Amino acid sequence: MKIAIAGASGRMGRMLIEAVLAAPDATLAGALDRTGSPQLGQDAGAFLGKQTGVALTDDIERVCAEADYLIDFTRPEGTLAHLDAALRHDVKLVIGTTGFSEPQKAQLRAAGGKIALVFSANMSVGVNVTMKLLEFAAKQFAQGYDIEIIEAHHRHKVDAPSGTALMMGETIAAATGRTLDDCAVYGRHGVTGERDPSTIGFSAIRGGDIVGDHTVLFAGIGERIEITHKSASRVSYAQGALRAARFLAGHQAGFFDMQDVLGLR
């Protein structure tokens, strides 16, 4: 697999490069960075003390011309620009970017009619298995239990709630026959009145170097059930992204998520 990495000088980008270099079935074909980055022109493996022969570049057209897959954990506007180039060059996409608006997500879904892509706010196998647990739990606790989602991330994360927290909320809402827009409450402040039992509450914590902690609380009378996933490093995200790329090898077009990749549907 000839794989290019977008956001190659960032925390996640470096983890992805390391994973690609370690994978026997993958070759690093490109390393894309933002225009103006001081790392442009440097070898993509310099942070590992390795020479890959692949220099960091801001030329998306060149990157897509040399790669069969592009793994993108950047920001929505950047990902959509990369999507346009991927469509022109018939490059398969693995997208782990979070913070998309609904119209932007619609653009990703539409692209699946022309190229194969996996889009997921979290590529971790553990998180996606957790989604199945939440689907089951939500059906059992649909009545008489208040649902709250608490997430914590590092101080540099720019969007809230996290994409994973929103995925959890969407999973719970769908399992109970609703949409998240109908029942989400984001943070509370001041005199809010009594809790509406039909809502799903979200709380976001930002601090330090927390990779990603997510807890869903089902609070009933006399008992509480908590389902928690904690990420100790970004390795699980990188390995999940490679697994998604391998999945795409068998598809020419289509819009998929990690539930498809893992056979959890």
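Any Cβ shown, glycine's included, is placed from N, Cα and C.
Marked as NAD(+) binding site by Swiss-Prot on the basis of sequence analysis: Gly7, Ala8, Ser9, Gly10, Arg11, Met12, Asp33, Gly96, Thr97, Thr98, Ser120, Ala121, Asn122, Met123. The NADP(+) binding site annotation in Swiss-Prot covers Arg34. Feature annotation from Swiss-Prot assigns active site, proton donor/acceptor to His153; the stated evidence is sequence analysis. If you look up Swiss-Prot, you'll see His154, Gly163, Thr164 marked as (S)-2,3,4,5-tetrahydrodipicolinate binding site. What Swiss-Prot records for Lys157 is active site, proton donor.
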Per DSSP, three-state class assigned to Gly7 (NAD(+) binding site): coil
NAD(+) site span - longest C-alpha distance across Gly7, Ala8, Ser9, Gly10, Arg11, Met12, Asp33, Gly96, Thr97, Thr98, Ser120, Ala121, Asn122, Met123, in Å: 21
Distance, Ser120 (NAD(+) binding site) to the residue listed as 'NADP(+) binding site' (CA atoms, angstrom): 22
Residue among binding-site residues Ser9, Ser120 with least C-beta crowding, 10 angstrom cut-off: Ser9
Cα distance (Å, whole number) from Ser9 (NAD(+) binding site) to Gly163 ((S)-2,3,4,5-tetrahydrodipicolinate binding site): 22
Length of the line joining the Cα atoms of Thr164 ((S)-2,3,4,5-tetrahydrodipicolinate binding site) and Ser120 (NAD(+) binding site), in Å: 9
The residue listed as 'active site, proton donor' versus Asp33 (NAD(+) binding site) - Cα distance in angstrom: 18
